[in-house]
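Undergrad: This is the structure I have questions about; it appears just below.
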């Protein structure tokens, strides 16, 4: 009998991607985050689709439509809580996935890595426009502050900002177009994720040792399907615990007040997953300089493959690079904390030092550590 999964044009693609795919035998739990991101994306698209059925993208009714979803729509409160906290889980998985790529040298698959960085930027854009939709105080002022950064661009800045707003300030036109963006971008993310996988399957997965694993591969199914299923159960458990027991713990209390252009909140800040970049933006007193630093904090990921100096791919056997990696992790946690603090001492100087350390680690110290480790591994006799 002909095996359908190996001959059918559609089933064949799925088979080569998720069933008979040769995978390294030693990939650890860090490799689960790719599939977890896929699950997060599906959860977000499904919950978002049902929320969009009841939401109205008009400044007069947006806030009340969200309240209506939570109060009157059957399980609307659950949909909203899953969608809002699903975004937090999405970013948690994203940051860990990027961390894995840096630690184990997966960035040397340049096409996969570059598409991944574009994916990260697209997800960040989607989350930003999505945060504006409930039209609470923090939604409105967050949109005002971040879109205003465009006006720092020389010559065309103000025109560009007004073009994005659809007027002279964040208003009805802005909310309507942000809803349109928030609806279309997840489908672009799906397309990019498919391209990301396409490039990954050209080379095959990396593994913790960083050594070519071709001599020892195992089929993806059942070994890694069961492993991914365990990861999925744990992800859903954490998401449900968050959404059911503490749904507002990661949000901002100001967003329970309807947007009011005449009343500025005492401390404008984005969601927790943007705080590290927000801290870098605020650490530079100049507006244009801050915007450039903000962009550089993410786009620096694109040049990481060019800064790889070590003879070994992975950091598994490179203790100096490992130490710097964990300092970088601590630095990003510090920046996240600073981003949520008011602009006053000692937070200003801590933010500036942490921002400097972030760029110093990636651009100077980690490449130097790679060269030092190469030197230490050379025979000295």
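Glycine too: its Cβ is placed from the backbone N, Cα and C atoms.
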Undergrad: Looking at 136-156, 157-177, 178-198, I want to know which stretch Swiss-Prot calls transmembrane segment.
TA: 178-198
Undergrad: Pick from 226-246, 247-267: which range has transmembrane segment per Swiss-Prot?
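TA: When 226-246, 247-267 are checked in Swiss-Prot, transmembrane segment belongs to 226-246.
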Undergrad: If contact means at least 3 Cβ pairs within less than 8 Å, sequence distance 6 or more, would you call the transmembrane segment (347-367) and the transmembrane segment (288-308) in contact?
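TA: These two segments touch.
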Undergrad: Could you check the binding-site residues 83, 97, 182, 196, 201 and say which one's CB has the fewest neighbouring CB atoms inside 10 Å?
TA: 201
Undergrad: Could you state the whole-number distance in Å separating the C-alpha atoms of residue 196 (heme b b566 binding site) and residue 182 (heme b b562 binding site)?
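TA: Cα-Cα distance, residue 196 (heme b b566 binding site) to residue 182 (heme b b562 binding site): 21 Å.
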Undergrad: State the non-local partners of the transmembrane segment (77-98) in its own chain: residues 6+ outside its ends, Cβ under 8 Å from one of its Cβ atoms.
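TA: Here the qualifying positions are 30, 33-34, 36-37, 40-41, 43-44, 47-48, 50-51, 66, 69-71, 116, 120, 123, 127, 130, 235, 238-239, 242-244, 247, 250-251, 271-273, 301.
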Undergrad: Is the transmembrane segment (33-53) close to the transmembrane segment (226-246), in the sense of at least 3 CB pairs under 8 angstroms with a sequence gap of 6 or more?
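TA: Stretch pair touches.
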Undergrad: Of the binding-site residues 83, 97, 182, which one has its Cα closest to the Cα of residue 201 (ubiquinone binding site)?
TA: 97
Undergrad: Six or more residues beyond either end and a Cβ under 8 Å away: which residues meet both conditions relative to the transmembrane segment (113-133)?
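TA: Hits for the transmembrane segment (113-133): 55, 57, 62, 66, 87, 90-91, 94, 97-98, 101, 106-107, 139-140, 142-143, 146, 174-175, 178-179, 181-182, 185-186, 188-189, 192-193, 195-196, 199, 270-271, 273-274, 298-299, 301-302, 304-305.
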